Amino acid sequence: MAELTAIRGLAFDLDGTLIHSAPGLAAAIDQALVAQSLPAAGESRVATWIGNGADVMVERALRWAGVEPTAARVQETRERFDSYYAQTVDSGSTLFLQVKETLAQLAQQGVPMAVVTNKPTPFVAPLLAGLGIGDYFSLIIGGDDVIVKKPHPAPLYLVLGKLGLRASELLFVGDSRNDIQAAQAAGCRSVGMTYGYNYGEAIELSQPDVVLDRFADILPLIGHSSSHNQEPLV
């Protein structure tokens with residue numbers, strides 16, 4: 001595997017990259033739909049709606065259920081979703097394989113790291129803490145922390161400014177076209193993980209700089225050694 005040179009910092013998407021969050025999100029969306037006498041969508045379908053933030057996910061759910069997503073209906077459904085998600089976020093979220101171990105090694109080796117997600121900000125830090133990885137990040141940017149979300153480059157510009165990095169020095173790791181497009185627009189290099197959601201599309205179609213199946217392969221990619229062997233993704 002060829003190394004990416006001159007990388008001094010890493011930023012990570014959250015849902016579909018660091019955590020498998022579809023179960024918790026789907027449970028909350030389905031409860032919000034059923035509470036309005038609408039059909040439940042199910043986890044496999046909801047997983048294809050993840051990536052653009054809660055409002056867009058709610059809009060997609062309403063359209064799928066045959067309901068016009070007016071501003072009032074979206075707000076009502078979003079409020080229901082937020083209430084239900086507060087109950088399902090912890091039990092319905094797990095780390096993907098190799099994530100915690102790899103982040104720990106990167107932190108030990110002094111690599112500054114950020115999370116950049118479109119997820120509503122109030123859920124992000126508690127979720128990271130609950131999964132035992134919150135302390136690895138010097139910067140956390142949620143969907144409510146910027147005026148425009150990914151795929152706009154604004155969140156990555158904020159990372160560059162806060163971490164004092166040039167665009168060429170930041171590597172953004174994500175699982176969806178929004179992540180890759182944001183990195184490309186910001187002038188950063190990108191890694192596309194194959195195991196995420198990405199609206200049911202292959203991440204290769206978005207042309208990231210590197211495509212990886214295993215999270216731990218980030219270490220040799222940026223010239224860092226792994227302290228122990230890790231199991232491959234299955």
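All residue numbers here begin at 1 and follow the chain in the order shown.
Note: Cβ is positioned from N, Cα and C throughout, glycine not excepted.
Proximity of ASP13 (active site, nucleophile) to non-local residues of its own chain (separation of 6 or more, Cβ distance below 8 Å) is seen for VAL115, VAL116, THR117, LYS150, PHE172, VAL173, GLY174, ASP175, SER176, ASP179, GLY196, given in sequence order. Summarising the annotation, Swiss-Prot assigns active site, nucleophile to ASP13.
With a 10 A radius on its CB, ASP175 (Mg(2+) binding site) counts 27 other CB atoms from all the protein chains. According to Swiss-Prot, the Mg(2+) binding site annotation covers ASP13, ASP15, ASP175, on the basis of sequence analysis.
Apart from the site residues ASP13, ASP15, ASP175, the chain places the Cβ of LEU14, GLY16, THR17, LEU18, ILE50, GLY51, THR117, GLY174, SER176, ASP179, MET193, GLY196, TYR197 no farther than 8 Å from the centroid of the site's Cβ atoms, the recorded Mg(2+) location.
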